[in-house]
Amino acid sequence: MSGAPPYNPQSPTQQSRYPVYSPPNKNRPFYSNNDQYQQHPPHTPPAYPSQPAAMSRSPHHPHAQSPLPGTLPPLNGAAPPPHHPDASSQFQPHAAAGTPQYSLPRPYSGSVLSSNGTTPYGPSTASHAHPSARPDGPPHLSPKKEMEPSFSMGSHGVPGYPPSAMREPRLASPPKEVKPARAADPMSFASILSGPTEDRPPPRKPSPPEVAPAPLALAPASAARQSPPLPISARAPPLSKEPEPAPVTPLPRLEKKPSSEKRRRNVDQEPKMGELSVPPTNGLLDPAKAAVQPRAPPRKTLSERETEYINRVMAELDSMEKSDVESPGFEWELERYTAKGKKRAMDAERAESVRRKRRRHDFLIKLGKTFEKQASAGMDRFRMANESSVVAEVQAKEVQDEKERKKDMQRKRRRENTVRLEMQKKLEAERKANKAQDSAEKAKFLREAERAQRKIKTTKRALEGVTAPEEIGEVTPLAPNLEGGTTSSFHIGRSPSRRKSGRGGPVTRPKKSKEQKQAEKDAAEAAYAALENEELLPLAPRDDRKDVLRKDGKGVLSKEATPIPLSSYESKGYNQIYEQIWRDIARKDIPKVYRIKVLSLSTRQENLRKTAQLASKQSRKWQERTNKSMKDTQARAKRTMREMMSFWKRNEREERDLRRLAEKQEIESAKKAEAEREANRQRRKLNFLISQTELYSHFIGRKIKGAEGDESGDTAVEGANEAAQSKMDVPAGALKAGAGVTNFEDLDFDAEDETALQQAAMANAQNAVQQAQDRARAFNNTKDDPMAAMDEGELNFQNPTSLGDIEISQPSMLTAKLKEYQLKGLNWLVNLYEQGINGILADEMGLGKTIQSISVMAYLAEVHNIWGPFLVIAPASTLHNWQQEITKFVPDIKVLPYWGSAKDRKILRKFWDRKHITYTKESEFHVLVTSYQLVVLDAQYFQKVKWQYMILDEAQAIKSSQSSRWKNLLGFHCRNRLLLTGTPIQNNMQELWALLHFIMPTLFDSHDEFSEWFSKDIESHAQSNTKLNEDQLKRLHMILKPFMLRRVKKHVQQELGDKVEKDVFCDLTYRQRAYYTGLRDRVSIMDLIEKAAVGDEADSTTLMNLVMQFRKVCNHPDLFERAETKSPLTTAYFAETASFVREGQFVDVGYSTRSLIEYPLPRLLCSSAGRVDVAGPDNLHAGFRGKYLAHMMNVFAPENIKQSIQEDGAFSFLRFIDTSMGDAYEQSHRGVFERALSRRGQPNRLSRLNVVYEEDEGDAPLAHTMLNIVARNDQSAVHEITPDGYMRELMTVSQSTFEREGLNVIEPCASPAASAPPVTITSSSPAAQIEMSDALFNVPVRHALFSTPTRQLEEQILEKKLDPVPYSHPPMLPKPTSLKGRYTHIEVPSMRRFVTDSGKLAKLDELLRELKAGGHRVLLYFQMTRMIDLMEEYLTYRNYKYCRLDGSTKLEDRRDTVADFQQRPEIFVFLLSTRAGGLGINLTAADTVIFYDSDWNPTIDSQAMDRAHRLGQTRQVTVYRLITRGTIEERIRKRALQKEEVQRVVITGGAAGGVDFNTRNRESRTKDIAMWLADDEQAELIEQKEKEALDRGEVFGASKGGKKAAQKRKRDITLDDMYHEGEGNFDDASAKPSGAATPVSTADVGGTPSSTPVPKRGRGRGTGKGTSKRAKTTKERLRLIDGDGGLGPM
């Protein structure tokens, strides 16, 4: 294949040809000899034949030269290795070695690519003797191709070693004939793949031709043997030590980088490469140019000494004895050489095969890409050539289609109108026919009706698109068979005749021959031709007529006859007669003939139609006779089969129902029996647990009483009371001697005998008591071992020797005086400490649980010398209170406050990490006070210490036994635990059970049965008002009595004021009602109930979010969408500041608004030269005007005025206006503003001239005395004397009316859509900028206009104690027309409307006004922090002083805030969050508590109101609770009352009464919440459906599919979590927001997630109402009121 490759060189930045061989380093240099497109793709070379090793290097069997380099190119963009200095110019790398890494892609041209026919797979024949422009040395590699090994076969079989290894001196070589070895084109394949040329420089003369080609191949080797030895540096490595051939695709191998000198030389050679890189136009290089500008530096000429040395060495070699080639001793070397040659040949063949495949594959890919590119280009050309015409054609077609569509629509309308008119005509004709008396007239009307009917049918067919003739379309729905054929091809389009055939048997149709069929076809065709010619068909067929008809029919269908030409007769009379005859014919005869023809046609068509119908009936008779019996048989068989199937189905269904009924009865009876057995088993299990707890309580009580008797000497102390309290009769020998502890799992509750259970309960209870005492005894009896304490790293505590008298008095170190009930509590706590029992002090809030706990620590320190360590854990909000109380009441006990950052806590731990042996009075601390959060964080440090006493304040924080806080606290080493809580029961009985489990984990184990009994019976009693088992209640009280002490205020504290609770009901405002109705219409209560029955967690979360949205509506609608501040679109530049933090208390913010439009003035106009009124060296006119016109020639000069003031001079009027000559001269030099400013404040001395009335007419001034200088009338105008009075109003009618009607206080009705400051004038002159600033910010002018004194002037007035009246003047600018809008168009939301938009806030506004007048102070509690933000705006609007405390308040700020409220009576309101501000703080300065929104946990509200109703409160505390009527808040309040009743029944033991608990008994909390969203009607409907479902034995709301939620339950997200996330936990960083509490986005107005379906109207869609007309009106009114706000589409 000849010619250059059919493609262009590829840029090195393009995609690699071989992706799988891509090198790891992408920054290698580009070697042009390894270009991807210099392979010869079209040829697929044949595989190498197996050759001997000797032939592998022969020129007769050459290998194709490898396209890969002989050596690995240097990495990282280095230059190729240096060439040998003595190498020939043909083998030296030319100046291209110094080219950049990436060469530019060359275009396809004959000057670069080869044009000869040299193939790369055989020996190439050079075309001329010029040296190659392509180096044979280290070729360049493409940066995208894989590196090949350093070994490759050359074109003559010579291994491709580096040039330095193959180049030998050529001095002793015989002269040879120089043959052209390469093509002239350095980029051709022949130039690359041909063998090496002669190693002589170009200037040498060609040598004579060589003898044979074989020695040519062996010439380098022989020359190497005969050449004299060279120095070591220039000597090539011997062939015997040549490296083994490397694999075909090895990893890249690193080589040394060339020196900087060689690299610099290559860079210097770049221009030479540029000169040589442009070949001549004919594609050949000029030898002269190549000789003059060689590619490599000239060879070094040998000196005479070196030449002599070389000759001497060569002579010595010639004189040496020649060895025999066939001599033995080299067999192994020969074999090794042969093996290596074969191996090299095989490796080369294998590598070449791989490369051949890769070249072929790459060529095919390239070819495919070329075809694809050409196809794409062809498509683009076609598109460019034809796109416009196609678009025009399509547009024209669309236009034509649109015209046709319009025509069709017009035709359709005309036809419809025709049908309507013809129908009217038909009805009218039928009506007239019915009324007609004459038969002819009646027939006439009937014909008219028939014509109208036919026209209607025709028009309807045209409308329906039916194009078949009427007479054919009515016979059969199929098209007519024009080709003829048998009658069997007719379609059965009519029902069979009602007449039954008289024949009984089946009738077979006779067969027809081909002749008969052909005759029928001919007859049909002739008939059709006759119909087309409008000829009548004969009654009998005639053969001759048939042929004529056939012939005429075909002729008519095909072509009409040519008329005979007639010659015209030209005559005027003839023409007139002819035209008259034709006129008469057209006027009279043609319509008549037309009517006759139409009538005959209709008659003929009707006859043909009847004939066709009769023929169709006749043709179907044989089918009826043939298929009738078979169809009847099949129908009877099918009917019988259906009846049988229905019978057996019914039978099987009945049997299945009976079987299921029997099975169901058996299952129900089995379930009933199993339920009874399980009930008995649960009863025994519960009885065992209660008995065990009762026995433990009994033993504890007996131990305490025994200790009391031992100490007092009386063993019968309160024996009767004990017997009355505990009615248990436990004999002394009831417990067996060997009875041991029995695990709960090992007990058999199925046995009928309960004696074993009783014994096990008694043994377990006694063992629990013994364990508690042993544990306390072991804690106290720890021996003092300092070394052991040092070794173990734990503390050693002293043991009290005696507890002293049981009647404990107040400790002397306690500075406060304990009350009687507090002293009893101290006795109870000491008794518990003595027995080693933990307890719960559950006194009502405000009774001094803190002081009782402190007194216990003081007692232990004073009486028993136990100084700790004591651990107090409290909420973060009460830590400062604990520290202050301990320091205040017991100064001897040292307190270590443990809170702060991690670094601070690490420093504090040094106080108690030291290994103290004892804790004495001199210890560094005795009590450590910390919070629950820090205990959990530093639990590892607290567990190392043995605490003497651990006090947990507000113990409801550990109400969950599954929390990490509960588990960590349970693992602390302490002798006793004391829980302080004012509300042991908050939500349910399980919380109380968790506290009991915490104080006695061994006894009060977390048994599900006991917990269920605790919760279910009592709560169901509170809900359903049922009778609680008195025995169970007494047993419960007996269980709780030894461990819990609770007193209430009304029983123990008589001097404490009363607490009055009032529920204040509020109504929804119009806006709130619209929001509430919109939310309720978006959800379906029935769907929520059904989903709640399934128990999906996602639905529960959705329901809680809905409750949140409803409560937000009740609080304030602005929680959804705030009224925004509105202003026009201002196009201006505004100054920006980063922060005001570094500014002082007073920040002067200057006017910095600039217009976007700037008008630049030339510098000349702003200078003195361009100003007419500014004098200067460049402006002589201003000086002339000022000197001559303003002074010398001024008419207001005093001299001129003096001369002109006499008699009737020009200035004689000055005497009448009370102006002197000096004043007139001074005013002439002032501007308008200065003159107005000087007149400000001066009284109108001439106002008396305006007086037109006198008390007496006689006192009226005379006419000649009115202009006298002496005042004759000192009376002033009445309207100026006083601002009040009728005269003042009469003189200012418009102003007084405007103010009296309130027009100046209404809000502006409209505002401009956009605003902009004036155009800014700019100039490059600094003086112009200064002048404009002085004009804009002139302080005296601004003070005169706005009457606003500067801050500096006010400070001077205060410092110098001056009278401010002279410095205060009314503003010169008039008052604004609107006091709301004033001088700005910025509209701020109205606070009055902000108050009236919420019913609660409006009621609170009235309440606070009354409380403020009565001198009360208020605690205002909220559930939502965003509502507190809104309340702050309201209090600022009403000018009420307030302070705030919520979950975001810092710990140090909280203490100062509480102290400010307690000590500053001017603070009227204290805003608190229910959770954050309801624990452990004393706010007795307030006597009024207002709950803006209540918590559904009543104990939280009780704690909050007890912040004011506690010890130290001397006034009556009034609690107001704001409740929105008819909303979800009423139902939440009812639920809170139920919880209060549970607490009262359990703790106080009272009976249920006083509260109506006849509410719904729901087991599912989610269903209860869903019921809160329903109104009364919906609740009644749901109750009715529940009752119906219970009557049917179904579960209301359960899924019919029977699918159960089997997935693992997540932690319940309660509404408390959603309301109070982050509150109450000041330092709790782990509390992450749930994302459901108080969303800020206004997009959540609806509050309904996407998963909640919107109810639809109709049957079975629940009670959700759709959008009514009233709702739409509400939405429109809301948008009008709120400024296009609201809930969106409802």
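The backbone N, Cα and C atoms fix where each Cβ goes, and this holds for glycine too.
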From 69-72, 237-240, 481-484, 953-956, the residue range that Swiss-Prot assigns the feature motif 'DEAQ box': 953-956
Counts of helix, strand and coil residues, the motif 'DEAQ box' (953-956), according to DSSP: 2 helix, 1 strand, 1 coil
Among Met845, Leu847 [binding-site residues], residue with fewest other Cβ within 10 Å: Met845
Residues flanking the ATP site, with Cβ no more than 8 Å from the Cβ centroid of Asp843, Glu844, Met845, Gly846, Leu847, Gly848, Lys849, Thr850 and excluding those residues themselves: Gly982, Arg1510, Leu1511
DSSP state at Lys849 (ATP binding site), helix/strand/coil: helix
Cβ neighbours within the same chain of Lys849 (ATP binding site) - under 8 Å, at least six residues apart: Leu841, Asp843, Asp953, Leu980, Gly982
Around the Cβ of Glu844 (ATP binding site), the count of other Cβ atoms that are within 10 Å: 21
DSSP-derived class (H/G/I helix, E/B strand, else coil) of Glu844 (ATP binding site): coil
The motif 'DEAQ box' (953-956) [mean pLDDT, rounded to integer]: 84
